[in-house]
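Asks: Copied straight from TrEMBL:
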DOMAIN    20-224  domain 'Cytochrome b561'
TRANSMEM  22-39  transmembrane segment
TRANSMEM  45-68  transmembrane segment
TRANSMEM  89-108  transmembrane segment
TRANSMEM  128-149  transmembrane segment
TRANSMEM  161-183  transmembrane segment
TRANSMEM  203-224  transmembrane segment
Amino acid sequence: MCTTVQHFQVLKLFCVIECRKYVLGILLIFSIFFWLQFYRNGFGFSGTINVCNWHPLLMTITFTYLFANSILHFRNFRNIKKKKLKKQHLIIHSCIIFFGLIGVWTGLNSNVIAKPPIPKFYSFHSWLGIVTVIMFLSQFASGFVTFFYPKVAVQYKKAIMPYHIFIGTLTFILSIVTSVLGISEKIMFALNQQDNYMPTEGLYLNFVAFLLIFYGVMVVYILIKPEYKRPPKPKDVVTHIANI
């Protein structure tokens, strides 16, 4: 009885934290959208600023919000069959790759059409962004082969799973750090342009950066708490075991 009550309390606390995380994630996206629309002349498909503005918005939606929900997907929907959760996890990651690469392209393309052109890959933000994207794509490819290819033995899947989780968590942390560096880079660009909005914009972006860090901390906290892990279900057992 005591164990059941404790489990209920843990689950209740998890739901409270998770709901706050969802609200914070939506607030973060709208904060980025408001900044780009109000301070940075909005969005478009022509003009350096308008094209470049898609980059922070798409990267926030994909490599921050969707990424966080994808790696927590098994904890959030613990009563759904694991096989179905794996497919949903794959679909979310596929969406991250598709829209995330569009976000990367808008960032690179805006550098090309700028007058004069802006050098590519000169900042630590861009370097770390490349590392994060490569790690994500590698994680996606290795995870797809390991957990969807039927001839991979269960023993191998169990052995690889801790590394899969660790690298996924590390990639998410790097995406948060990259985003914070990107915001700092935007502030420095605005300072160089001597924008009239800069004093207010700088304070606003500092607030957004704190929001981003706090969101990342919440996600990692949920990930590392063993009490919040999805309990194994009888139907989760993989029946196919390939020869080692």
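Cβ atoms here come from the backbone N, Cα and C positions, even for glycine.
All TrEMBL annotations are machine predictions without curation.
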Asks: Return the stretch with the most CB pairs under 8 A relative to the transmembrane segment (203-224), choosing among 22-39, 45-68, 128-149.
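Replies: Top-ranked stretch among 22-39, 45-68, 128-149: 22-39.
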Asks: Restricting to the same chain and to residues at least six past its boundaries, which positions have a Cβ under 8 Å from a Cβ of the transmembrane segment (128-149)?
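Replies: 63, 67, 86, 90, 93, 96-97, 100-101, 104, 121, 156-157, 160, 164, 167-168, 170-171, 174-175, 177-178, 181-182.
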Asks: Let me know the model's mean pLDDT on the domain 'Cytochrome b561' (20-224).
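Replies: Averaged over the domain 'Cytochrome b561' (20-224), the predicted model reaches a pLDDT of 87.
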Asks: What residues in the same chain, six or more past the boundaries of the transmembrane segment (45-68), come closer than 8 Å to it by Cβ-Cβ distance?
Replies: 21, 25-26, 28-29, 32-33, 36, 92, 95-96, 99-100, 102-104, 106-107, 109-110, 113-115, 132, 136, 171-172, 175-176, 178-179, 182-183, 186, 212, 215-216, 219
Asks: Given a Cβ distance threshold of under 8 angstroms, which distant residues of the chain, six or more beyond its ends, lie next to the transmembrane segment (161-183)?
Replies: 56, 59-60, 63-64, 67-68, 71, 123-125, 128-129, 131-132, 135-136, 139, 142-143, 146-147, 205, 208-209, 212-213, 215-216, 219-220, 223-224
